[in-house]
Amino acid sequence: MIPFLLSFIASMGTFLGGILTIILVKYMPAGSNHNTHTNNLLGILQSFSAGVMLFMTFIDLMPEARESLGSYECNLWFFVGVVVFGLLEWLILPAAEPTDVNRDVHTNGTVTGTGNHSSQHNGVAASNGHADGDVQITGSPSATRKRRGRTASSPTRNKLVKCPTTSSPTNANRKALLRTSLVTFVAMGLHNLPEGLSVYLGALADFRLGLQLAAAICLHNIPEGMAVAIPLWAATKSTWHVLLMTLINGLLEPMGVVIGGYFLGSYLNQAVLSKSLAAVAGIMACISIHELFPTAIHYAGKDKASIALFAGMAVCFVALEGVDLLMAYT
């Protein structure tokens, strides 16, 4: 019972990461342009999450798996994780509708669109800050010249179409964010299953070792919780949804104890756990590179996204060093 409780304590670090994320997004000062600020915040947080996951992948998970498996087998299982991510995307998580940054509405919900979409953007798209919810349909310059002299009843003349104002992110972008949050949640959950089992096995061997592992992994799980919470907040903007899902994600650690310790105990050994860690590392790398960082560049731009990426790595470095210091001290 005590080893199970220690794994539960370790899992609360993920929930603390969710709480910290909510505090940051709630109290971060907003600029004068709300939509621009929202986009920047989305991009920065997504990139921060990618930095945490990439640093964990190559500095924490892969070296740990390599110690047990050796370089060749560890790298092989890493690419097994990459293939699993590809299959997950192809079979379960179809790509969201692609979005065009130039079509996003950020200024009073006004877009100047084109009336001819069949010939590689022959029209001209621009923003008009003076109309509220109006879309002006114009053709290419050549089409405009052809229309000169036609009557006002001509069906090809320029016309204004009323449409509701929209705020960023658009519906298509929101679907993409939901998709990113889902794959991140799944990957971190897969990571938590063997992690909780390691605390349980350590506590069975030595209570003091289990206590040290529980405290260390709880600290280690805080940036992991942020990595889960950030895409969820970006997709839903719901405080309670983020807190609930990070709590569930963290509780997968004691769930790993139940599944592994009680049902699969005869099949588990250090090699199996290390293979699982290497495969999860491949999944996490794919999420960071294929999902989180491109989304961050889309919303915040290359410079801000790059800075946030390394900031996430730095925070993860501090957390891991804190774990090492705690283990050395105790």
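Glycine is no exception: its Cβ is also placed from the backbone N, Cα and C atoms.
Listed in TrEMBL:
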COMPBIAS  107-119  compositional bias 'Low complexity'
REGION    102-171  region 'Disordered'
TRANSMEM  6-28  transmembrane segment
TRANSMEM  40-63  transmembrane segment
TRANSMEM  75-93  transmembrane segment
TRANSMEM  176-193  transmembrane segment
TRANSMEM  213-235  transmembrane segment
TRANSMEM  242-264  transmembrane segment
TRANSMEM  276-293  transmembrane segment
TRANSMEM  305-329  transmembrane segment
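Under the criterion of 3 or more C-beta pairs below 8 Å, with sequence separation of 6 or more, the transmembrane segment (6-28) and the transmembrane segment (242-264) qualify as touching. Here the transmembrane segment (305-329) has long-range neighbours at 43-56, 59-60, 212, 215-217, 219-220, 222-223, 293, 296-297, meaning same-chain residues at least 6 beyond its ends whose C-beta is under 8 angstroms from one of its own. Proximity of distant same-chain residues to the transmembrane segment (75-93), defined by a Cβ-Cβ separation under 8 Å and at least 6 residues beyond the stretch ends, is recorded for 62, 65, 69, 179, 182-183, 186-187, 275, 278-287, 290.
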